[in-house]
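K.L.:
Per TrEMBL, ATP binding site is recorded for Y22, E34, E82, K100, D101. According to TrEMBL, the divalent metal cation binding site annotation covers E34, E82. Summarising the annotation, TrEMBL assigns transmembrane segment to 39-56, 62-81, 102-123. The substrate binding site annotation in TrEMBL covers E75. Per TrEMBL, the feature active site, proton acceptor maps to E75.
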Amino acid sequence: MRDKNSKNKPYKNRTFFDSFRYAYQGVCTVFQEERNMRFHVLTTIVVLLVSLFLSLSISEWLWIFLVCFLVIVMEIWNTVIENTIDMFSPDYHPLAKKIKDMAAAAVLFTSIFSVVVGAIILLPKVLVFFHLY
Ligand SMILES: Nc1ncnc2c1ncn2[C@@H]1O[C@H](COP(=O)(O)OP(=O)(O)OP(=O)(O)O)[C@@H](O)[C@H]1O
């Protein structure tokens, strides 16, 4: 078996910059191919912009950053799983369905968690901002 760190491997990352470049390509791929990812990124930008006007505390900022990036990371993993399934099981298979459905369920739960955290932190401040409470 070939050594994972073999110098002869043609596709081995040579520098820290190489690793960063391929990770960036990965992000671009998910962004281009997954509509949900574009929605998550747009939502993240909106939430961060709204948060700027609401004078959040440090811990509130940390929670907002945590949930925004958690959803994006989960969507990347979901896409990794979908692509892996498509590579190894391009035809219909009940296990492929189970795996993809569970990966989607993980994104769903993370999204629900994010909405709950966002509502707890932002909703009262938005209401006060617009003099509705
Ligand atoms: N090879 C397969 N065998 C069985 N069912 C599959 C298979 N591929 C996809 N499915 C079913 O179709 C659904 C959608 O799969 P698809 O790969 O299109 O994901 P998607 O719609 O791109 O998901 P997402 O919106 O999370 O990106 C899966 O959740 C699964 O129920």
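Glycine is no exception: its Cβ is also placed from the backbone N, Cα and C atoms.
Unlike curated entries, TrEMBL annotations are predicted automatically.
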K.L.:
Which chain-mates of K100 (ATP binding site) that are at least 6 residues away have a CB under 8 A from its CB, listed by sequence?
P.N.:
I81, E82, I85
K.L.:
Find, among the binding-site residues listed as E75, D101, the one whose Cβ has the highest number of other Cβ atoms within 10 Å in the structure shown.
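P.N.:
Of the binding-site residues E75, D101, the highest Cβ count within 10 Å belongs to E75.
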K.L.:
List, by number or range, the same-chain residues at least 6 past the transmembrane segment (62-81) whose CB is under 8 A from its CB atoms?
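P.N.:
Counting only partners 6 or more residues beyond its ends, the transmembrane segment (62-81) has Cβ contacts under 8 Å with 26-27, 30, 33-34, 36-37, 40-41, 43-44, 47-48, 51, 56, 99-100, 103-104, 106-107, 110-111, 113-114, 117-118, 121-122.
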K.L.:
For the transmembrane segment (102-123), find every same-chain residue at least 6 residues outside the stretch whose CB is under 8 Å from a CB in it, and list them.
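P.N.:
Sequence-distant neighbours of the transmembrane segment (102-123): 36, 47, 50-51, 54, 56, 60, 63-64, 66-68, 70-71, 74-75, 77-78, 81-82.
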K.L.:
With every protein chain in view, how many other Cβ atoms are within 10 Å of the Cβ of E34 (ATP binding site)?
P.N.:
16
K.L.:
If you count CB neighbours within 10 Å, which one among the binding-site residues Y22, E82 has the smallest count?
P.N.:
Y22
K.L.:
Taking Cα atoms as reference points, which of the binding-site residues Y22, E34, D101 is nearest to E75 (substrate binding site)?
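P.N.:
Going through Y22, E34, D101 one by one, the closest to E75 (substrate binding site) is E34.
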